[in-house]
Amino acid sequence: MICRSLLLLRSNAASKASSIVKHVAATGCLPEYSSEAPARYFSSESSLQVDSTEENGFKGHGMLAPFTAGWQSTDLHPLVIDRSEGSYVYDINGKKYIDALAGLWSTALGGNEPRLIKAATDQLNKLPFYHSFWNRTTKPSLDLANEILSMFTAREMGKIFFTNSGSEANDSQVKLVWYYNNALGRPNKKKFIARSKSYHGSTLVSASLSGLPALHQKFDLPAPFVLHTDCPHYWRFHLPDETEEEFATRLATNLENLILKEGPETIAAFIAEPVMGAGGVIPPPKTYFEKIQAVLKKYDILLIADEVITAFGRLGTMFGCDMYDIKPDLVSIAKALSSAYMPIGAILVSPEITDVIYSQSNKLGSFAHGFTYSGHPVSCAVAIEALKIYKERNIIEHVQKIAPRFQEGIKAFSGSPIVGEIRGLGLILGTEFVDNKSPNDPFPAEWGVGSLFGAECEKRGMLIRVAGDNIMLSPPLIMTPDEVEEIISKYGDALKATEERIAELKAKRG
């Protein structure tokens with residue numbers, strides 16, 4: 001059977017792409033000389049579709065596709081998703097896939113939720129668009145702002161600013177923090193600290209905040225005002241005999257040393273995901289955020305919680321801040337806010353910051369930032385309905401009920417010889433493939449182990465996220481127990497097939 005490989009390779013010529021496609025078609029696997037494979041480090045699954053989509057004669061397209069090697073959109077058949085239903089999506093040839101990533105960590109309520117469709121349709125019929133500039137706005141935007149403020153209970157928040165995505169939310173955070181510090185007469189307090197392996201978006205500023213090399217390389221990033229500190233991944237980065245508690249203490253000390261080196265008067269904010277998502281699903285050590293928050297408070301540095309992935313039930317709590325007792329000054333949300341049915345993101349702003357903006361507005365003038373679609377009435381109407389569903393259907397309790405089996409079922413494969421670590425909580429999981437069960441022994445990059453596993457999953461009708469030799473699962477929050485079992489079964493079958501392929505590659509290597 002033809003292997004639908006997840007090649008994430010760079011190529012300088014279409015002829016090389018064509019030769020790879022021909023090799024896959026002839027042999028069923030990647031050519032072992034594919035030295036460009038390291039470019040796969042931060043690419044999502046980008047399908048080498050040489051089977052089902054070909055039935056419709058679909059090859060190449062007019063899109064410059066996100067996080068996709070340029071030659072793939074010309075030389076390879078894309079996987080074209082045609083419709084969705086519950087936890088499943090279907091391609092244009094009718095093949096069914098369980099969507100074990102919920103789109104991009106986002107379709108929390110699955111596909112084809114009639115209440116969300118009706119909310120959008122009703123609002124389109126009433127008021128399809130009006131802006132929120134100059135103190136003009138719409139009722140859905142006002143209602144949604146109030147609803148979000150009432151749902152966030154980690155601490156009191158003051159105002160909501162609407163964006164269209166998580167990237168825009170984190171980009172806007174920087175401008176808001178700069179505006180705030182200018183209002184306080186602190187023009188030098190402008191630097192941001194983020195973490196290695198973090199993901200905060202792909203705009204110029206949010207990509208700079210992100211700690212993934214692929215978002216910086218060839219884009220002349222990160223911006224000079226962004227600094228990066230340690231990733232809180234205990235399994236990969238702890239010292240010999242270092243406990244999790246000691247590891248967390250060391251990372252907090254390293255953060256403080258970085259602040260002192262740069263000058264506390266220059267550091268404006270620290271941004272962090274409660275659980276790192278695209279960097280490989282990395283939950284922090286238990287006391288990590290307690291120690292980090294103490295350092296930030298000591299030096300009057302704002303804390304931004306990037307809840308774009310973790311908000312609205314993903315971890316088994318309404319917000320990730322609830323899970324780790326985080327008391328942020330600012331919060332970014334998106335994705336599950338509307339279950340991804342309409343583009344929308346938002347910033348939650350603390351009363352302390354909004355009070356400064358209000359009190360200094362006569363001196364500074366208007367907050368001259370926003371987007372045409374900020375608070376779009378249709379997006380807001382859909383988000384309002386999504387938040388109602390989360391509460392009325394007890395989605396948090398549902399996640400808490402099914403998450404243990406999801407976690408235990410996948411983590412049961414931790415003994416695999418190609419698995420280094422399986423980590424996660426709630427309905428989010430990451431698997432890291434390494435040789436010899438050691439974080440210090442990666443597989444040869446040209447083997448593309450994560451991509452091989454992703455291809456095996458896709459062949460079996462399951463879509464996941466691949467990032468180098470890390471793979472991630474983040475299914476819809478509405479998963480049934482039977483669907484959890486389906487994911488576990490397909491994961492196990494794909495893992496066995498990948499183990500066999502790695503054994504073959506090792507045998508050839510000698």
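Note that Cβ sites are derived from N, Cα and C of the backbone, with glycine treated the same way.
Summarising the annotation, Swiss-Prot assigns pyridoxal 5'-phosphate binding site to Gly166, Ser167, Asp306 and lists similarity to another entry as the type of evidence. Proximity of Gly166 (pyridoxal 5'-phosphate binding site) to non-local residues of its own chain (separation of 6 or more, Cβ distance below 8 Å) is seen for His200, Gly201, Ser206, Asp306, Val308, Ser332, Ile333, Ala334, Lys335, Gly345, given in sequence order.
The substrate binding site annotation in Swiss-Prot covers Tyr199, Lys335. Over all protein chains present, the Cβ of Tyr199 (substrate binding site) has 27 other Cβ atoms lying within 10 Å. According to DSSP, Tyr199 (substrate binding site) is assigned to coil rather than to any helix or strand.
Counted within 10 Å of its Cβ, the other Cβ atoms near Lys335 (substrate binding site) come to 27, all protein chains included. As annotated by Swiss-Prot, N6-(pyridoxal phosphate)lysine applies to Lys335.
The feature transit peptide is assigned by Swiss-Prot to 1-41.
In sequence order, Ser165, Glu168, Ala169, Asn170, Tyr199, His200, Gly201, Ser206, Val308, Ser332, Ala334, Gly345 are the residues of the same chain, not among Gly166, Ser167, Asp306, whose CB sits within 8 A of the CB centroid for the pyridoxal 5'-phosphate site. Sparsest Cβ environment among the binding-site residues Ser167, Asp306 (other Cβ atoms counted within 10 Å): Ser167. The maximum pairwise C-alpha distance among Gly166, Ser167, Asp306, the residues recorded as binding pyridoxal 5'-phosphate, is 10 Å.
Tyr199 (substrate binding site) sits 9 Å from Ser167 (pyridoxal 5'-phosphate binding site), taking the C-alpha atoms as the reference points.
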